[in-house]
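Novice: So Swiss-Prot lists these for the protein:
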type    : residues              : note
BINDING : Asp97, Asp99, Asp101  : Mg(2+) binding site
BINDING : Cys98, Cys114, Cys121 : Zn(2+) binding site
Amino acid sequence: MSQQLTFKQLEKAQQGDSFDWEAVKKQVKYDDNGLIPAIAQQFDSKEVLMMAWMNEAALQETLETGRVCYWSRSRQSYWRKGEESGQIQLLKDLRFDCDGDAILLLVDQTGPACHTGRKSCFYTAIHDHQAKILTNPIIDPEALYKK
């Protein structure tokens, strides 16, 4: 009988080693709600764009279609990035952290990733006990969602 693959075993793997996705997929660590945090990063600039949640079906759809799909906790439904705004994310690479409990999505983002119209959701920095806004919207959010 073969031993089940674990993320702990992957720690000992060497660069270039490959493992069957079906075996790895069984070890992904979802939270009690069946979700895993997914961080989207622009593949070429490496700018961190956003963090959202995926469930197993959203992860599978993303891998199959190449377009990023998340799970919306507030709407309790699938959220295919760009469905309403047209600002899609095309998957370039998908990586798990060492524990298998977080995902890094390297994406090609069309336009802003943030619902505020900014390229990144991470536009507020804290310095000297002050919250400083780092960027302006590149698209008016009203125009972005045609409200």
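If you go along the chain as it appears here, the first residue is 1 and each next one adds 1.
Each residue, glycine too, has its Cβ placed from N, Cα and C.
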Novice: Find, among the binding-site residues listed as Cys98, Cys114, Cys121, the one whose Cβ has the highest number of other Cβ atoms within 10 Å in the structure shown.
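Specialist: Answer returned by the neighbour count: Cys114.
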Novice: Give the three-state DSSP assignment (helix, strand or coil) for Asp99 (Mg(2+) binding site).
Specialist: coil
Novice: In whole Å, note down how far the CA of Cys121 (Zn(2+) binding site) lies from the CA of Asp99 (Mg(2+) binding site).
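Specialist: Computed Cα spacing between Asp99 (Mg(2+) binding site) and Cys121 (Zn(2+) binding site) is 25 Å.
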Novice: Can you tell me how many other Cβ atoms are located within 10 Å of the Cβ belonging to Asp97 (Mg(2+) binding site)?
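Specialist: There are 14 such Cβ atoms around Asp97 (Mg(2+) binding site).
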Novice: Given a separation of at least six residues and a C-beta threshold under 8 Å, show me what packs close to Asp101 (Mg(2+) binding site) in the same chain.
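Specialist: When sequence neighbours closer than 6 are ignored, Asp101 (Mg(2+) binding site) has Val28, Lys29, Ile36, Pro37 within Cβ distance under 8 Å.
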Novice: Enter the number of other CB atoms within 10 angstroms of the CB of Asp99 (Mg(2+) binding site).
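Specialist: Looking across every protein chain shown, the total is 12.
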